[in-house]
Amino acid sequence: MGEAEVGGTGAPGDKGPGEAAPSPAEETVVWSPEVEVCLFHAMLGHKPVGVNRHFHMICIRDKFSQNIGRQVPSKVIWDHLSTMYDMQALHESEILPFPNPERNFVLPDEIIQEVREGKVVIEEEMKEEMKEDVDPHSGADDVFSSSGSLGKALEKSSKDKEKNSSDLGCKEGADKRKRSRVTDKVLTANSNPSSPSAAKRRRT
């Protein structure tokens, strides 16, 4: 096939010192009839329109670059095709290769009802939280009242213990007194010489 003609055949020395020589990919392509024929051969079986136009353009670019013997960017091919065809109109008129029916979306009533119920529950929870935030002292009063009742119960139990211990001490003191009286009687009986038991002992 024909070779692509490259514009700007001047020598590199003719350019200014601040300008660099363009890379082969950035060089402009002179679209001669032979080069256009190479492009049409590369486009066989590939239409650069529709939703898959960029994938088709990759195949066209690879085949076209192989035919002319140099790499050509896709933008150069797009620009040249747009000079020959109305690419936007072709793209819009292209039929989709897959079914794509359009219909209005309607949210099911079940989901709407669930959302409404969820909102009601959330509102009730928020009201309860607001009540708890507004009345923080009520819980503290309950705690203080419960602690006060516990303190009273502990005081009563301690008083009962003291009573029991005092009663036990009184009983023990009474028992000790009784025992001391009995022992005193026994001792006096044994030490008295006028007792009959002592007289009997003397007689014997």
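Glycine too: its Cβ is placed from the backbone N, Cα and C atoms.
Worth saying up front: this structure is predicted, and the values here are computed from it rather than measured.
Here's what Swiss-Prot has on this protein:
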- 1-15: compositional bias 'Gly residues' (COMPBIAS)
- 1-27: region 'Disordered' (REGION)
- Gly2: N-acetylglycine (MOD_RES)
- Ser23: phosphoserine (MOD_RES)
- Lys127: SUMO2 cross-link (CROSSLNK)
- 128-140: compositional bias 'Basic and acidic residues' (COMPBIAS)
- 128-204: region 'Disordered' (REGION)
- 153-175: compositional bias 'Basic and acidic residues' (COMPBIAS)
- 189-198: compositional bias 'Low complexity' (COMPBIAS)
- Ser191: phosphoserine (MOD_RES)
- Ser195: phosphoserine (MOD_RES)
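In three-state terms derived from DSSP, Lys127 (SUMO2 cross-link) belongs to a helical segment.
The C-beta environment of Lys127 (SUMO2 cross-link), restricted to residues of the same chain at least 6 apart in sequence and closer than 8 Å, is empty.
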